[in-house]
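Database features, via TrEMBL:
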- ASP69: active site, proton acceptor (ACT_SITE)
- ARG11: site 'Important for substrate specificity' (SITE)
- THR70: site 'Important for substrate specificity' (SITE)
- GLN153: site 'Important for substrate specificity' (SITE)
Amino acid sequence: MKIVLASASPRRKQLLETMGISFDVIVSDVDETIKDHSDPESIVKELAHRKAFAVMDKIKAPAIIIGADTIVVGDNILGKPRDDEDAKSMLKSLSGKTHRVMTGVSIIDNVNDYRVTHCEITKVFFKELSMNEIDGYIKTREHIDKAGAYAIQGKAALFVKKIEGDYNNVVGLPIYILGELLHKHFNLHLF
């Protein structure tokens, strides 16, 4: 059975490649608008499921479809910044604080109509950021298309004092738990 990643994210693609899995990429193009801001865990699980389900409708062949969505939760729920000013505002709100990175993962077997959804949470501890650091980071353009307006795998690593949890989750795909879910629920052996 083929595996399909329902994501346009080059980071998710790269992380899935590190697992040694052969897969196709089909972009889901779902509306990521969040109507209810009350429960961040439910939000990322719902968005991940929407992405996987939208791609499932495009596939006729037997497949396991993987959808994912990541948000940053500090004082507010932070998705991807709209523009540079929004990114600056996000980074200011994270400065000197601990926040959570939450990634929802939804896996669907389109033959057996079997679905598993999980939310992985990693705590990230940011140092106090100066406006010069924030402005300099914005100039790198790394913040574009990143939840919380930063890429831990890039220059923003200099902002992170420590993390508690899965580093790959902060990048965009918790590959440890994904491997466990694929093995336990879909009998996919990675070794």
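Counting starts with 1 at the first residue shown.
Yeah, the Cβs are placed from backbone N, Cα and C, and that goes for glycine too.
Known features from TrEMBL, placed on the structure.
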| residue | record | DSSP class |
| --- | --- | --- |
| ARG11 | site 'Important for substrate specificity' | helix |
| ASP69 | active site, proton acceptor | strand |
| GLN153 | site 'Important for substrate specificity' | coil |
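Note on proximity: of the recorded positions ASP69, THR70, GLN153, the one nearest ARG11 (site 'Important for substrate specificity') is GLN153, by Cα distance.
Sequence-distant neighbours of THR70 (site 'Important for substrate specificity'): residues of the same chain at least 6 apart with a C-beta under 8 Å from its C-beta are VAL44, VAL101, MET102, THR103, GLY104, ALA147, ASN169, GLY172. Over all protein chains present, the Cβ of ASP69 (active site, proton acceptor) has 28 other Cβ atoms lying within 10 Å. The number of other CB atoms found within 10 A of the CB of ARG11 (site 'Important for substrate specificity'), across every protein chain shown, is 17. Its Cβ taken as reference, GLN153 (site 'Important for substrate specificity') is surrounded by 17 other Cβ atoms within 10 Å in the chains shown. For GLN153 (site 'Important for substrate specificity') paired with the residue listed as 'active site, proton acceptor', the C-alpha to C-alpha distance reads 17 Å.
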